[in-house]
Amino acid sequence: MDDTKPHADFMTPVDTALDRIAGLCKLITGVSMVVLTAIFGWLVFGRYVLNATPTWVEQAALLLVMVIAFLGAAVGVHEHTHLSVSALRSAVPDRLRKVFVIVTDLAMAGFGALMLIYGARLTVFKWDSQIPLIQLPEGLRSLPLTVGGGLILVFSLAHLVRLALGRDLRSDTIQ
Amino acid sequence: MGLLVLLGLFALCVVIGVPVAFALGISAIAAFAYEGLPLMIGFQRIISGINVFSLMAIPFFIFAGELMFHGGIAMRLVKFASAAVGAVRGGLGIVNVFSSMLFGGISGSAVADISALGSILVPVMKEKGYDADYAVNVTVTSSIAGIIIPPSHNMIIYAIAAGGGISISKLFLSGVVPGVLMCLCLAVAAYLVAVRRGYSAEKFPGLTALALSFVGAIPGLMTAVIIVGGVLSGVFTVTESGAFGAIYAFVVTLLVYRSLTLEKFRIAVVSAVRTTAMVMILIACAGAFAYMLTFYRVPNKTVDLLTGLTDNPIMILLLINLVLLVLGMIMDMAALILICTPIFLPVAASIGVDPYQFGMILLVNLGLGLCTPPVGSCLFVGCAVGKLPMEKAVRTIWPFYIAILVALMLITFVPAISLTLPSLIGS
Amino acid sequence: EWRGWNIHVEGYPNTVAMDKFAELLADKTGGEITLQMFHGGTLGSQPDAIEQVRLGGLEIGNFNLGPIGPIAAEANVVSLPFIFKDVPHMFRVLNGEAGAMIAEGMAAKGLVPLAWYDAGARSFYNGTKPINTPEDVAGMKVRVMNNDLYSGMIAQLGGNPSPMAFAEVYQALKTGVVDGAENNWPSYESTGHFEVAGYYSLSQHLIIPECVCINADVYNALSDDMKAAVKEAAMESAALQQQLWNEREATSREMVEKAGVVTNEIADKAPFQAAMAPVYEAYLAANPDLRPLVELIQATE
Ligand code: NA
Ligand code: NA
């Protein structure tokens, strides 16, 4: 992006806020990763040493993986770290590339919105039944997808705004 | 028509640069909508794609790898490895292949193998001057040894799908020689590519230096001892062993090497989460994509299309291989084993192929599918831990595909490779 | 066109019966309703498929009542250990008033059971010794399915209930991560678990039926004639399934015994049943509404 374009100041606090949200997600997912590892240590210790298997670990672990996957994926959208094929996009003329980037962001935002809406409906639908062995609502399983979807929506819209302001951060859109 | 929506939209998304995970998710959800299926089920499939206990090996081994890298274990392994095999061109590539062969002997899955070895060996290889694509290619392709060399979850699924009558212990034995054969082919490929790329061989540093580097690497090498010992003695399963790898790496770097600071720990956690999330979202969305492929009966229709084309047994076997390879490219293993076994096994049996040998043919084919774009969980993990775009890895992976195809052809047309060992031990 | 889910592979009694159901459905409705079956669980795990039928993504499913328990509390009573005396008793209960109560509970959650299938009785197996008394289970690590009733059952027998993903059980039995598990004859055989856990003790502690279920909205929208035809097709497939099931049980048992498995009857099951009192108490305390249903089942001859 060329630096001659005027920076839009209203975006600066928004960027800061989004970075903070991503930072919070990193904290939550990081803690989840550490807890996940620790409870597996406890699982093996309980089964092998105490001969009393903590029966809640498996189900709790699956929930933690959901948190890591979907909040982590949202952070990945914010930071552009997901695996994508950029060869084709970088081979087309600049104007077409800009169209590609806008459509990509729109598609991501739309998908995030659907994750948010249908994830929420799934969460409500399953709230009544319980996950066996941990006595928590089955709906918790789809909550990370719901929240992650909302964040993907927000982060993708922010990419679009930055693009419009000439402040996009993607390596292959700067030129 | 719906299938066209699914595949066309996926291709379009990938071309314009939508991350592959979301390209899979978007096209799958669009197909759900097109078919008038409740969209909630589409998102259920995305969640269920990773609501799988054995996938837990991915975060654990990735986390262990990051701790070893940032805590200095990996660096000491590099020193030892280059002292030991640096004098051979592509030495680390070959070591990588044989590590997979040995790890395949305890892990049931390719994904555990690639998560465990990839997280440690890919950074080590990059550090020693190997290109990232070479490191990723070797690690990805050799990881399927985890499926062929016993034990293997997927062999159990095959035995069940075959409808009974298949002994799992005999099936396990059938996999030993094909697995070793495949690794030998891959080691040859790793050597040839290394020579062709001109990776320089180092001078052998002498026995003293080798011994010293070995001592320094002992705590790192102990990780393998702990995992193997713990699994074989029944303390934990392979999935659980990953958590022990991470806990062990934490303890060693904190207390033995005293090289793990709070900041390094934080970096290791954040980077493990990033890699894990990248892989998990891919596998999750591939789950929804596979559901629609099953919905459209793509595997069944592909098979129908090809059966009856020929009576020639050799052509039939080649066609079966081809179909399995193509299906393996777009769908992950377990579902394909369940769909293809009942269809292909009778065909294979009718031309005299033993069910144990057929199991190996099926698993090598679908295993190769785990290493190919667009849907391949081993390729996903490999690119994520190698921090390498998928198209870069795929551009140079073909010598390794050829190695596996050579092994596959031998396994297909030489029954003795699969059947000799079980008949020797079984009787 | 309807779509149906079934977890079992080709050739399994349930798979054959569900294919028969599809055929009968077309016959009896004059081709107005056709059913395309997806076998082998290729459209998702059992809990997921239950959800898919409830949401209307699939019309038909062949489900075990175990995983329906967390959704419809009435269905969970069949997961109480030793609630049924034997398989014929289970069918008498299901075909009576208690069965109607369970069906009603399921229908309220969007699943209408059309017919009951047999899944036999589950018994303990392990790699070290025959089980004859609860003391034999004491200290043993036993793999259980995800249900508080099953883990409570092992705990009350003094064992160590260890939930574990099904795919990992074979290897876990082989290396000794767990000592034993429990299942019916056909599963014990087809999973190869008999190769690594050679003692099968006929505790028959769990007799959990299966059902052919239909999405409630789809069913309720049918005319009465159609409803009757659908129901009749399901019932006829159930008769076939029960016959095939009995044959398969016998074949599986013969096969594993020929392979050297040591089978033992448990002469006195009373101590096992007595040990379940706390499981029942805790269950009824948590689900006071279900006391009449449990008592009705126990009173059924
Ligand atoms: Na490898
Ligand atoms: Na293996």
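Cβ coordinates come from backbone N, Cα and C, glycine included.
Note that the structure is predicted; figures quoted are calculated from it, not measured.
Feature annotations, courtesy of TrEMBL:
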DOMAIN    B:7-417  domain 'TRAP C4-dicarboxylate transport system permease DctM subunit'
TRANSMEM  B:43-65  transmembrane segment
TRANSMEM  B:101-122  transmembrane segment
TRANSMEM  B:134-160  transmembrane segment
TRANSMEM  B:172-195  transmembrane segment
TRANSMEM  B:207-236  transmembrane segment
TRANSMEM  B:242-260  transmembrane segment
TRANSMEM  B:272-293  transmembrane segment
TRANSMEM  B:313-330  transmembrane segment
TRANSMEM  B:335-353  transmembrane segment
TRANSMEM  B:359-385  transmembrane segment
TRANSMEM  B:397-421  transmembrane segment
Whether the transmembrane segment (B:134-160) meets the transmembrane segment (B:335-353): three or more C-beta pairs under 8 angstroms: yes
Residue numbers, six or more beyond the limits of the transmembrane segment (B:242-260), whose CB comes under 8 Å of its CB atoms: 56-57, 59-61, 63-64, 67-68, 70-73, 112, 115-116, 219-220, 222-223, 226-227, 230, 236
Mean per-residue pLDDT computed across the domain 'TRAP C4-dicarboxylate transport system permease DctM subunit' (B:7-417): 88
Best-contacting stretch, by C-beta pairs under 8 Å, relative to the transmembrane segment (B:43-65) and drawn from B:172-195, B:207-236, B:272-293, B:335-353: B:272-293
Candidate ranges B:172-195, B:207-236, B:359-385, B:397-421 - greatest C-beta contact count to the transmembrane segment (B:335-353) (under 8 angstroms): B:359-385
Same-chain residue ranges lying at least 6 outside the transmembrane segment (B:272-293) that approach it to Cβ under 8 Å: 2, 6, 10, 20-22, 24-25, 27-29, 31-32, 35, 42-43, 45-50, 55, 58-59, 62-63, 65-67, 119, 299, 330-332, 335, 375, 377, 380-381, 384-385
Closest-packing stretch to the transmembrane segment (B:359-385), where packing means Cβ pairs under 8 Å, from B:172-195, B:313-330, B:397-421: B:313-330
